[in-house]
Amino acid sequence: MNLKLQLKILSFLQFCLWGSWLTTLGSYMFVTLKFDGASIGAVYSSLGIAAVFMPALLGIVADKWLSAKWVYAICHTIGAITLFMAAQVTTPEAMFLVILINSFAYMPTLGLINTISYYRLQNAGMDIVTDFPPIRIWGTIGFIMAMWVVSLSGFELSHMQLYIGAALSAILVLFTLTLPHIPVAKQQANQSWTTLLGLDAFALFKNKRMAIFFIFSMLLGAELQITNMFGNTFLHSFDKDPMFASSFIVQHASIIMSISQISETLFILTIPFFLSRYGIKNVMMISIVAWILRFALFAYGDPTPFGTVLLVLSMIVYGCAFDFFNISGSVFVEKEVSPAIRASAQGMFLMMTNGFGCILGGIVSGKVVEMYTQNGITDWQTVWLIFAGYSVVLAFAFMAMFKYKHVRVPTGTQTVSH
């Protein structure tokens, strides 16, 4: 099989299995299993708990002892088993435990798939910068397609979404076994555990600007978790109104939500221009403003014609909110730190956004939703306005505290890291 096609299938399956349940599990737990907001928040925070340390730990295993191919296959085997078990779970405590174990297995694969892809491309004499992005985009396509399949199959509120995820995980394991062997690098054999775990990057907190940047990374990472947890659940809440129960938005909430991912792929293309023209601080400010709009538009959106326009606009600005912080933030880290700790600093950035930010967003937003839910009815407008208010506070705090003087460079020389 052609190398690029092989890696495209790998990326497609990696994110297709995640897309089958990540944005709809909250709806299934809230509507079908009747979990409260705090319980749902706890389940989703498990992704953050796993993201704090598991990628680094299994990255070390793949670097020093066991081929990345086999670590990757073992992780997805565990993932298939736990998703199969999750489909049969009906209590918050059991769901938290099963999804936590699943997260321990899945989160490291986000880095391992890059390791596998980079090695194969470099071994074939290809350029990662030019050849990898067109491969990675198939991951986003897979995520979107899974959302559509689950929605059109009527499984958004069903445990069947988890069976689909388990089946896709099993298929991915079998496909991984067909890949060529990837040798253990052993390049880090003489490094200390402190260096291997990326703990050297904690020294960056001595730099005031970097410390502020990482703290805001966590606070903004929390906003992404809010969307993953409750966006789909919110759209399904309109089925309690007879006027909206049969509307396309309620019946196929995942398809509407997938506009967010489509927008994300388009906004990536604008990052080089905005970074070179306006600088990291202004680009990140645009991201925070986009989060304000994301939540405010949700607050006033509904399945009416005008409300639908507001909901679609909310999905579109999500692409800006996500990319202008996550991608631009990665570029900022790349340019600000010394080459010696660049990889550790990138790991720190991911730890703050996908780890601690995920935990914070899961716990706090779950409590907010629980607080404004009475007799199974959630006051979503108030909930979204609270999150929008949180974003407004972040915007003013970021503007006042983060100091950065931009030196404009030609667009063509701006490097964007994916």
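These residue numbers are counts, starting from 1, taken along the chain as shown.
In case you wondered, yes, glycine gets a Cβ from its N, Cα and C as well.
Marked as topological domain 'Cytoplasmic' by Swiss-Prot: 1-4, 59-67, 114-135, 179-209, 269-280, 327-346, 404-418. For 5-29, 37-58, 68-88, 92-113, 136-156, 159-178, 210-236, 248-268, 281-300, 306-326, 347-369, 380-403, the entry in Swiss-Prot reads transmembrane segment, with the evidence type experimental evidence. The topological domain 'Periplasmic' annotation in Swiss-Prot covers 30-36, 237-247, 301-305, 370-379 and rests on experimental evidence.
Counting same-chain residues at least six beyond the ends of the topological domain 'Periplasmic' (301-305), those with a Cβ under 8 angstroms from any Cβ of the stretch are 238, 244, 247-250, 311, 314. When each of 37-58, 68-88, 281-300, 306-326, 347-369 is checked for Cβ pairs under 8 Å to the transmembrane segment (380-403), 281-300 comes out on top. Relative to the transmembrane segment (210-236), the listed stretch 347-369 leads the set 68-88, 159-178, 248-268, 347-369 in CB pairs under 8 A. Between the transmembrane segment (347-369) and the transmembrane segment (248-268) there are fewer than 3 Cβ pairs closer than 8 Å, counting only pairs 6 or more residues apart in sequence, which means the two stretches are not in contact. Secondary structure of the topological domain 'Periplasmic' (301-305) per DSSP (helix as H, G, I; strand as E, B; remaining residues coil): 1 helix, 0 strand, 4 coil. Counting only same-chain residues 6+ beyond the ends of the transmembrane segment (5-29), those with a CB under 8 A from a CB of the stretch are 35, 39-40, 43-44, 79, 83, 92, 95, 99, 106, 109-110, 113, 116-117, 120-121, 135-136, 138-147, 149-151, 155-159, 161-162, 164-165, 168-169, 171-172, 175-176, 179, 228-233, 236, 253-254, 257. Listed as Cβ neighbours of the transmembrane segment (159-178) (distance under 8 Å, sequence separation of 6 or more from its ends, same chain) are residues 9-10, 13-14, 16-18, 20-21, 24-25, 28, 32, 69, 72-73, 76-77, 79-81, 83-84, 86-88, 146, 149-150, 153.
Counting residues 6+ beyond its ends, the transmembrane segment (68-88) has Cβ neighbours under 8 Å at 17, 21, 58, 61-62, 95, 98-99, 101-102, 104-106, 108-109, 112-113, 115-116, 119, 159-160, 162-163, 165-167, 169-170, 172-173, 176-177, 179, 181-182 in the same chain.
Taking DSSP states H, G and I as helix and E and B as strand, the topological domain 'Cytoplasmic' (59-67) has 6 helix, 0 strand, 3 coil. Using a Cβ-Cβ cut-off under 8 Å and counting only residues 6 or more beyond its ends in the same chain, the topological domain 'Periplasmic' (237-247) has close neighbours at 302-303, 377-378, 380.
Over the topological domain 'Cytoplasmic' (59-67) the predicted model carries a mean pLDDT of 76.
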